[in-house]
Each structure stands twice: as C-alpha cells, then as structure tokens.
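*Asks:* Pulled these from TrEMBL:
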- 91-111: transmembrane segment (TRANSMEM)
- 117-138: transmembrane segment (TRANSMEM)
- 145-170: transmembrane segment (TRANSMEM)
- 190-210: transmembrane segment (TRANSMEM)
- 248-266: transmembrane segment (TRANSMEM)
- 391-413: transmembrane segment (TRANSMEM)
- 425-443: transmembrane segment (TRANSMEM)
- 482-501: transmembrane segment (TRANSMEM)
- 521-539: transmembrane segment (TRANSMEM)
- 546-565: transmembrane segment (TRANSMEM)
- 571-596: transmembrane segment (TRANSMEM)
- 638-657: transmembrane segment (TRANSMEM)
Amino acid sequence: MSARLRLMPVALILLLLAAAGGLTLYNLMQQLPAALWPQALSAPDIDDVRQMVFHYSLLPRFAVSLLAGAGLGLVGVLFQQVLRNPLAEPATLGVSAGAQLGLTIATLWMLPGGELTRQLAAMAGAIVVGGLVFGVAWGKRMSPVTLILAGLVLGLYCGAVSSLLALFNYEQLQGLFMWSTGSLNQQDWSAVQFIWPRLLVVAVLAALLIRPLTLLGLDDGVARNLGLGLALSRFCALALAIIFSAMLVNAVGVIGFIGLFAPLMAKMLGARRLAHRMLLAPLLGALLLWLTDQAMIWLTQVWREIPTGAATALIGAPLLLWLLPRLRSAATPPPMNLGDRVPAERRHLLLWLLLGSVLLLAGLAVALMFGQNAAGWHWSHGAEFEALLPWRWPRVLSALAAGMMLAVAGTLIQKLTGNPMASPEVLGISSGAAFGVVMMLFLVPGDAFVWLLPAGSLGAAVTLLIIMIAAGRGGFSTERMLLAGIALSTAFTTTIYLLLASGDPRMGGLLTWISGSTYSVTAPQAVRTAVIAALLVLLAPLCRRWLTILPLGSATARSVGIALTPVRLSILLLAATLTAMATLTVGPLSFVGLMAPHMARMLGFRRALPQMLIAAMLGGLLMMFADWCGRMVMFPNQIPAGLLATFIGAPYFVYLLRKQTS
C-alpha cells in the first residue's frame, strides 16, 4: 500500500504530462507541419504567417503557461504555510483583485513610465489590499475564516471600483475585461523574459526561507521558543508572495484556483514536508495551467476562444465543491459574533417600528425633494417638484423595495444557516441570481420581465441549495459555506465578465445593470417591484417560529416537530426569490443584505421577527441613501446605487471583522 501511495505523485504527473503534451503536439501540428518546426523555432520565415505565429505566439504561450503555473503554485504554498490556511491563495486573499485595480487605474489614467508604472501600480494595489486583509485578521491570529472573509469582501470592493471606472470608460477599458479574465495570448517573448528571472529569484529566496517557513507552520509559542522572530519572518514571506503575485497579475491577468489546487494536490499526494511541497506544487501548477491552456487552444479551433483564467475558474469551482466534503475540518473557530456588545433584547417593538416609519418618511422626503442643480443645493417645491417627481419617485421606490428585500433575505439566510456573516452577497447568491437573469436576457428577446424573476429566483435558489448541500456534510460550518460561496460566485462572475468582454452590443446596458443603477427604472417597473416586494416581505414573518428554532440545531428542531427538509426548502425559496427580485432592481453588487440584519442585531433585536422588521426598515433606508448619494455626489454624473452601497458596505463589513478581534 505504501509503495502504491509513493507512486501516485509520479503517476499523476505522468498523466498530466501526457495529456498536456499530446494536446500541445496536436495544436502545434494544426498550425504548422512538423517538418517546418526546426526552422520556425530558430529562424522563422517572416513571409510565412504560420511560422511567425508558431514562433511568436504559440511557443511563448506554452512557456508562459508553465512559468505562470509554477509561480502560482509556489506563492500558493507560501501563503498557505505562513498563514496556516489551506484556502489561502492570491485570489481568495484579494491580492489579485488589488493588483488588477492598480492596473486598471494605471491604464485609465495613462500614467507615464510604461511597463514599469504598470508593475508598480499592480504591486501597490496588491500590497494595500494584502495589508488590509492581514491587518484585519492579525488580531485573531490569522483565523482562516476571517482571512478569507476579509479577502473576499475587499476583492469585491476592488471589483466594484473597477466596475465604476469601466462604467464611465467602457470603450477604453473593454480590452481590459478580456485581459483580466486571464488570457495567455502572446505576441512575442516579452512575458517569458519578464516572468522567468523573477520566478527564479523568488524560488531561491523561498528556498532560503525554508527553515523559518517550517517553523511558521507550527504554533506561535513553539516557533518563538525555537528562536524565530515571528513578525519579521511573516513579513518577509508575505511580502515575497504578494509582490510576486502582483507581477504575475501584471503579466498574465487574474488566474484563480491554480494557487489553491496545486498545494492542495501536493499535500493530498503525500508531500507533508514543506520542502517537498515547494518542489511538487510548482510542478503541478505548471502542468495544470499548461493542460488547461492547451485545452482552450483546441477549443478555439472547434468553437470559440475562452481565456485560460476564465477556464480555470469555471473548472476549479466545481472541483472545489467536490473536494469540499473531503477537506479535513480545522478546529472549530469561535463564533463570528463572539465579543459583540449587543444590548439586551429591546422591548416596545411598536415604538421602534413607529420611529423607523418616521425615519423612512423623512428619508423619502429628502430623496424626492432635496438635491442640487446648476444653482446649487436646494429643496424642490411647486412646479419644479412636480416636474422632477416623475423622474425621481420610480428610482426612490425601487431602491426602497430592493433594500427591504435584501435585508429580509439576509436575515432569513443568517437564521437558516446559523452564520451571522452570511448574506446574499457574501455567499454568492446575488451572483447566482444575476447569472440566471443574464442567461434569460440572452434566451428571451424583448421585454421579458415575466421570465426574468423566475430566472433570477432559479439561479439564486440553485446557488443556495448547492451551498447548503456542500456545507451540510460539515455541519454547516462557516468555513465550508464560505468556500462554497466563493466557488460559485467566482464561476458566475467569470462567466458574466466573459460576456462583457465578448463585444456584444447588449453588454453596455448589462454593465450598467450589474453595477446596480436604478437610472432606467420606469414607473410601471417600480410599482411592480414594490408590489412584489410587499408580498414577499409579508410572507417572511410566517417563518418566524422556524427561524427561532433552526439555529438551535437539527436535533432540537426535530424534537419540537419541525420537518427539516420542507422547512429549509421553504425558507430557501423565499430568500432566493427576495434576492432575485432585489438583484433585478439594483444588481448583485450590494452589502445591504449583510449590513441591515447586523445593524438590527446591534440595536438589540435578536429574535427573528423583530430583527426582520427592523432590518427591513434599515435596508430600505440604506438603499435609498445610496441611490440619493449616487445621484448627487458627482452631479451631474451618477453613481449606481448598488456600487455606492458596496462602497459603504465593504468597509462596514471589514470594520465588523476588525471589531471582533478586540
């Protein structure tokens, strides 16, 4: 048995090598007969397009896939070893998103300095985001859940900023969409010349750090007793991994999951010692990316081009879901709400609801009547108010309804899963709803509002169901639910970005909708949204008994006569429909579903029904405020309400995480 286990790494490497090598030979032969390969390799004929493509495109692409895959495997090992977190990689830690945002800004502003400026911009973005993520998790001793949560949310925040920039500069940044999905297309050998010396330097430095890295994998007290300076060692290793990750993003775009899977596969194949993993993971990463890239080249010949980074995300997401039940569970982390200073349960709910109603009416008055024009800030009244009202009230009403639905959906999901950090946005349910809507837009022509809600509900319900199934085997642990949400959200978001990069004329409007703009909401649409929202929100209190008992555990729920499967499915479908309807209105980018239930709980409303009602009011206020600010902050330009809610929500989420470390 031990001999068979020792042969598994060799067998897997040979299998990957054979598959990638066979595809490479086939793709090269399709481009150029084998007899001309020696000439094309050494001195290509400039009059023969096939030889030029062979020498300056296919061969550099082959080399880049090997180098980038090896680099991602190496930085994955570094992150996972230093952070003692098997889920850490540049994408899950938000480092790749930060580097991409830095490149987007450098591209848009056309900063002088050429390639050096792009490198520095990518490094700056990666370092800032990485520093924020590690700063949030430092007080919890780099808790795996806290790290991934902070990385995910800050990555979404960077994506929201990039989307805002693209919204106002779509044509200028359209090519950046395709690049950001990890396209390995090459036109010369410059990327190879950029990556290989840096990979060599990083590999040498990592080899010199093997001893401190090995000690970092131990308990802090043990490592300190053995003479290791923890802070300096962590700083050096993380700086090395972050900077090289930014360089890889600058060279090839964002390629996810390779940095996660290569170290994981190395460990599953028996590489327990760090030195062995540092050798095996880069090799596996190189082979995995090489195989994926060659498969995409073959797919281009028979169908259409798909960027390699998008393929790794689309393939890696279901693989991660499949591996999720097989991952060893780490020690159970403390509850995410541990240490919250939540006041005693509030009494006099009716008085609080009355206060909330007054605030809602005041918010409506401000949103409808107060604003600015060329003359400055003022209150509209009389004929001016009558002229502005038909333009303002549909937006305000739809934002109010969407905020309430997201807040109620967030409360339902948090109570259903027993996870106070769960929300439609964090778990990828909003992305699933958006994916369903986008698919329906492509399948049904014209005004298909009747079909969009079922499509979005189906996408959200399937997403939440998959998360429940994947996490259920681990007792609905926060870590497993989070990973399942990351996997699905990555797959859906990648698909949507592929559509944005396709050049389809419908995508310009789709980008506006995804950003959460209420600009094009008409009066009939606003009324339909409000009516559906009212019906769905009124259904939610019917679940209050279930929501009170379910967080106590399955055994307790069964003992009081609750049929778990039908009850969970009912709550799931209601939360999915609420999320889908809200997503139709303000897009998938929003953290209202996370903020409003938290704010209600921090005010002292922890029981299901009071929390749900107060959260609905807070969610409506938040989204109305975001829509009003979006109209006024950059007047006469407008920022979509969903994006602005993300700008507010992501820092609030990070603040909550940081607060729980104290």
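Glycine too: its Cβ is placed from the backbone N, Cα and C atoms.
Automated prediction, rather than curation, is the source of TrEMBL annotations.
Keep in mind that what you see is a predicted model, and the values were worked out from it rather than measured.
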*Asks:* Any contact between the transmembrane segment (638-657) and the transmembrane segment (145-170)? By contact I mean 3+ C-beta pairs closer than 8 Å, pairs at least 6 apart along the chain.
*Replies:* yes
*Asks:* Might you confirm whether the transmembrane segment (521-539) is in contact with the transmembrane segment (391-413), defined here as three or more C-beta pairs under 8 A between residues 6 or more apart in sequence?
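*Replies:* Result for the transmembrane segment (391-413) with the transmembrane segment (521-539) is yes.
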*Asks:* What else in the chain is close to the transmembrane segment (117-138), if you only count residues 6 or more beyond its ends and a Cβ gap under 8 Å?
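*Replies:* Tertiary neighbours of the transmembrane segment (117-138) are 90, 93-103, 105-107, 111, 146-147, 150-151, 154-155, 158, 238-239, 242-243, 245-247, 249-250, 654, 657-658, 661.
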*Asks:* What residues elsewhere in the chain lie close to the transmembrane segment (482-501), defined as a C-beta under 8 angstroms and at least 6 residues from its ends?
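*Replies:* Non-local partners: 87, 91-92, 145, 148-149, 152, 159, 174, 177-178, 180-181, 256-257, 306-307, 309-310, 313-314, 316-318, 320-321, 324, 426-429, 431-432, 434-435, 438, 463, 466-467, 470-471, 507, 510-511, 514.
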